[in-house]
Amino acid sequence: MAAKTLLLALLAMASSLAMASDPSPLQDFCVADKDSKVLVNGFVCKDPKVRWQPKSSSSLLAMASSLAMASDPSPLQDFCVADKASKVRVNGFVCKDPTVVKAEDFFSTGLDKAGDTGKKLGSNVTAVNVNKIVGLNTLGISMVRIDYAPKGLNAPHTHPRATEILTVIEGQLFVGFVTSNSDNGNRLFTKMLKKGDVFVFPEGLIHFQFNPGHTNTVAIGALSSQNPGTITIANAVFGSKPPISDEVLAKAFQITRMAAKTLLLALLAVASSLAMASDPSPLQDFCVADKASKVLVNGFVCKDPKVVKAEDFFFRGLDKAGDTGKKLGSNVTAVNVNKLAGLNTLGISMVRIDYAPRGLNPPHTHPRATEILTVIEGQLFVGFVTSNSDNGNRLFTKMLKKGDVFVFPQGLIHFQFNPGYTNTVAIGALSSQNPGTITVADAVFGSKPPISDEVLAKAFQVDKKTIDWLQAQF
Ligand SMILES: *[C@@H]1O[C@H](CO)[C@@H](O)[C@H](O)[C@H]1NC(C)=O
Ligand SMILES: *[C@@H]1O[C@H](CO)[C@@H](O)[C@H](O)[C@H]1NC(C)=O
């Protein structure tokens, strides 16, 4: 009886608690500055230039590519023009005093001017984001002009925080994107565009554009973030600072270390781009996925709550090691909404990852999630690569022991490698019911149908024969 009363009292309390959802990231990461006296929702950001990289930064690494992030926060006022002069670091920028805001804050000029396409890839992106128009702060949108010389390529890349919609203004354009590693995954969708055509590249997916013609092409695109970020796959994977170890790259791409070194030296500019928005916030206690329903929505429709059972929130077997016998020596057992229907709308899921000695979870990204991981057994060398901002494509690595915890920010390319002689086990949580995984090597070299060797040869600055050989490995 007393228990019942307590229960009711607790339930009444719980239902009156209002919870704000977490803000979406507006940059690769925003490490909490616990020393700051500035109070905001969450924490202000540490200066990103201060490295929190371990002293024991060793030479070995693994490549990776993972990059995706959530969408921009909704504005809470008419505008919040970025105050670039402020020393306070927040997610995005703090607002300028609205009384001194002028039309110029929402203005930029020169998008009629072609970018110089003289560099080796033959394309040039002119971005008009929050760094060029301070008024874009909190508004969740930005614009680009892209110029392509004949045979010019905008190499495979991803935008961790944005969907892109693009229209051809002049010339012709061959475009494509690759889906994530779901069942039937890494599918390549391509289209030949003419003047006036419009194409969408879903948030976080690896995509490219190529001008197959003999005349210049111009396209105008819009992106659903004030600061979409760009992760060019070749740069992030083969050109990070410091470089990812050739051992890791050789394993990830199933090539010899010598070939990895060659690629490492030769390539540049390829790209990888993949990111998506965060999960919807729940609008009720739960919404268990009704897999039998024919109605298609974002996520799944809800089961009748009256027939929901504890089993809907339950999964058994994460104590069992996955089989690490395949060539990379790692195995991810994912417990997402497909295995645990109760996760629908809740924005979280879990994985167990097993690594044989020298086992690699190759460079990949989760388009819809940040990942937090702890080592249960063994040791793990982990790393992630930032996007192509100034000082971009920086590699952050850390050697983890049992009990250590590491975070891979949403959408960034990351990897884990077991450098030891014993098995390693890690448990991770991801901030999405269905985080998605894009394994860079598979998506770039193993899509169905394959991305043309002409595009890849140009992106990685190697000959077509090398690309054909690489593609044969997947
Ligand atoms: C793009 O074009 C601008 C303007 O011509 C030029 O300053 C810039 O260096 C070019 N960028 C690349 C990557 O070629
Ligand atoms: C992972 O392990 C499971 C269980 O042993 C096995 O069925 C599956 O094929 C493995 N996956 C890979 C990619 O090796």
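First residue shown is number 1, and so on along the chain.
Every residue, even glycine, has its Cβ placed from backbone N, Cα and C.
Features of the protein shown, as given by TrEMBL:
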{"type": "BINDING", "residues": "Asn361, His366, Glu371", "note": "oxalate binding site"}
{"type": "BINDING", "residues": "His364, His366, Glu371, His414", "note": "Mn(2+) binding site"}
{"type": "DISULFID", "residues": "Cys287-Cys302", "note": "disulfide bond"}
{"type": "DOMAIN", "residues": "109-261", "note": "domain 'Cupin type-1'"}
{"type": "DOMAIN", "residues": "316-468", "note": "domain 'Cupin type-1'"}
{"type": "SIGNAL", "residues": "1-20", "note": "signal peptide"}
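Recorded features from TrEMBL, shown on the structure.
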residue : record               : CB count, 10 Å
Cys287  : disulfide bond       : 22
Cys302  : disulfide bond       : 19
Asn361  : oxalate binding site : 28
His364  : Mn(2+) binding site  : 29
His366  : oxalate binding site : 32
Glu371  : oxalate binding site : 23
His414  : Mn(2+) binding site  : 28
Cα proximity to Cys302 (disulfide bond), best match among binding-site residues Asn361, His364, Glu371, His414: Glu371
Spatially closest candidate among Asn361, His364, His366, the listed binding-site residues, to Cys287 (disulfide bond) (Cα to Cα): His366
Distance from Asn361 (oxalate binding site) back to His414 (Mn(2+) binding site), taken between C-alpha atoms, in Å: 9
Inter-residue Cα distance where the pair is His364 (Mn(2+) binding site) and Glu371 (oxalate binding site), in Å: 12
Assigned element (helix, strand, coil) containing His414 (Mn(2+) binding site), judged by DSSP: strand
Three-state secondary structure, which DSSP defines for His366 (oxalate binding site): coil
